[in-house]
Amino acid sequence: MTGSFLKRNPSVPIMLGALLLVTFLVSILSEAAGGGLSTSFVKTLGMTLCLALAALAMDLVWGYAGILSLGNIAFFALGGYMIGMWLMTARTENIVAESLAGSVIPPTPAEIRDAVGGQIFGVVGSSDFPPIWSLSSSLWAQLALVVLVPSLLALVFGWLAFRSRVTGVYLSILTQAMTLALALYLFQNDSGLRGNNGLSGLQNLPGQGDVPQAQVALWFLWGSAVALGLGYVLCAWVVSGKFGAILRGIRDNEARVRFLGYPVEGFKLAVFTLSAAITGIAGALYYPQAGIVNPAEMMPIASIYLAVWVAIGGRGRLYGAVIGAIVVSLVSSFFTSGQLPDLDLGPLRIVWVDWWLVFLGLSFVAVTLFAPRGLGGLVDLWTHRRRPSRHGADLGPDRGSFREEEAEA
Amino acid sequence: MSTLLEVSGVSVSFDGFRAINNLSFRMGAAELRAVIGPNGAGKTTFMDIVTGKTRPDKGTIRWGEKGLSLLGLSEARIAREGVGRKFQKPTVFEDQTVQSNLIVSLKNRRGPFAALFYRPGQGDIARVEALAEKIGLTAHLARKAGELSHGQKQWLEIGMLLAQEPRLLLVDEPAAGMTLEEREKTTDILVEAAKTRAVVVVEHDMEFVRRLNCRVTVLHEGSVLAEGSLDHVTSNPDVIDVYLGR
């Protein structure tokens, strides 16, 4: 808790440097700069950085405060929905205005609005803007909602859950139920967010129709890298001070923190809300690169993915979450891209797109059993952060002290 | 002597079992008190009630000069009012250094935002060092608390309580599992602490209680059986019957 920020967080300059290097290399090698990297690869990288930011926020609540939230993916999708509302509205407005411009009588703003509504909501058999879209023409309003909607949901849900002192696996189930309920609600056509169609065409930026996608992909890569860098610094600042010490105290011994006089619920609520806000921003940067957001993004498998990234990367350390998300999602997109030829083993034919999940599951089990510190634990090999080794004996000189296998690095 | 804590007529039942039965108890502002009693006498439940973990069915608990009622306040609020509690099993943040454990415990503003912007100043560092000196852990400030021995962890927890600057310290079996030497040191720490604040020690071990050399309250079946010096209560025939005689 003492010492300068950089001394307490030696991983910050390394992480920022790596981000800068990767972004720079990809930029000069990209299609937009005349290089050989395909636009789809640049987009994959940009999306991966957003997933890393979401994993970082997950690590904040799970790795540090011990709250295994399966609701973070809902915040992620909500962030995407909020920015998607503006993208769809603004772009459709441009198209409609263009097509109506040639008519004899210039269209009124109300006519344009109606035509836009018909375009967007035609797929769900409606033509009016639902009330929740009332701010959708304003970029700034929707940007604010990217942060506000997930935070508010986290605040209300967290307040209800934490003050009832729901903890552990029950809390996880509760957050999963919240996510599933939200997804099922959004699947309905009258939810106001286009049901199972979701919001689409998000990769086309309004007013930037002339800009090639190769350039747009680079913009989003830069944006995602900046967001991840800022998010990393913010999280490092939060967990390395007294706030972080109390979070870890809550994770390890909630009663002790309570009897020291700290309002445990307030701390949980603060970190859960912060995590939701960061996740919302990550989602708002991810979905314009993916091009489409729909309720299927919130299905339970997605929550599990987020948890698996953090677990494989190593929870309780920020770089672990980032490494886990990047490695697993890049390997995942490699296996599911269809580039890898099927493996014929006689009676068994390994189709990588299908079998990849089996390997992911196996590697998750392997990490849990053999490397509980995850990929991030590899970093310990060349830093000072070494586990005390007394060959399984007590670490202290007396009975009752930590045993070696219990000592969390 | 001014009264700091006044528990009167408190009862609590768990599924029909009366853990505490019409208990009354008074503590002065600077006093050392030992609470003894056989297993199931209600010693731990008594602590749970005072610290807000358990709500009594009836009775009142008055605190401080203004006679604030502690009933219905949260554990954290009661702790902020100045009640510190030491658990029977040493309960420290094992994943963090001794210094971090003590800094977190120091009496400072407790809200999430205050914690977010908190930086340990010179004064806080000095206080931590003074506390470490008092509990004999100066050489171990940079070590992880999980690496300490059982006795050192008990002292660290007492140090964390002292860092809170409580007016009342509730200590549950501090000497359990300690060597003779460690017990002597624990006695010294508690006696020293009781010079400026109220300290209640729940203990099984008669030898340890004798060394504390203080007023003793004997609990039996959830109420006070006898009170006075150790020699006085141990000569009480009721006490001999229910506790010592067996």
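From the backbone N, Cα and C atoms, a Cβ is placed for every residue, glycine too.
As recorded in TrEMBL:
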type     : residues  : note
COMPBIAS : A:391-409 : compositional bias 'Basic and acidic residues'
REGION   : A:390-409 : region 'Disordered'
TRANSMEM : A:44-62   : transmembrane segment
TRANSMEM : A:69-88   : transmembrane segment
TRANSMEM : A:139-162 : transmembrane segment
TRANSMEM : A:169-187 : transmembrane segment
TRANSMEM : A:216-239 : transmembrane segment
TRANSMEM : A:260-286 : transmembrane segment
TRANSMEM : A:292-311 : transmembrane segment
TRANSMEM : A:318-335 : transmembrane segment
TRANSMEM : A:355-382 : transmembrane segment
Cβ contacts under 8 Å made by the transmembrane segment (A:355-382) with residues that lie 6+ beyond its boundaries: 308, 311-315, 317, 319-321, 323-324, 327-328, 332, 335-336, 409
Intrachain residues whose Cβ lies under 8 Å of the transmembrane segment (A:318-335), provided they are six or more past its termini: 11, 14-15, 44, 47-49, 51-52, 54-56, 58-59, 63, 228, 232, 235-236, 239, 308-312, 352-353, 356, 359-360, 373-377, 379
Range from A:44-62, A:139-162, A:169-187, A:216-239 with the greatest count of C-beta pairs under 8 A to the transmembrane segment (A:260-286): A:139-162
Maximum Cβ pairs under 8 Å to the transmembrane segment (A:169-187) - stretch from the list A:44-62, A:69-88, A:216-239: A:69-88
Residues of the parent chain within Cβ reach of the transmembrane segment (A:292-311), under 8 Å, 6 or more residues beyond its termini: 51, 54-55, 58-59, 62-63, 68, 70-74, 76-77, 80-81, 84, 176, 179-180, 182-184, 186-187, 195-202, 283, 320-321, 324-325, 328-329, 360, 364, 367-368, 374
Intrachain neighbours beyond the transmembrane segment (A:216-239), with Cβ under 8 angstroms and 6 or more residues off its ends: 5, 9, 11-12, 15-16, 19-20, 22-23, 26-27, 30, 32, 39, 42-43, 45-47, 49-50, 52-53, 56-57, 59-60, 64, 203, 205, 208, 247, 271, 274, 278, 281-282, 285-286, 288-289, 318, 322
Positions on the same chain near the transmembrane segment (A:44-62), where near means CB under 8 A and six or more residues out: 19, 22, 26, 68-69, 72-73, 76, 217, 220-221, 223-225, 227-228, 231-232, 235, 238-239, 271-272, 274-276, 278-279, 281-283, 285-286, 289-290, 306-307, 309-310, 313, 315-318, 320-322, 324-326, 329-330, 333
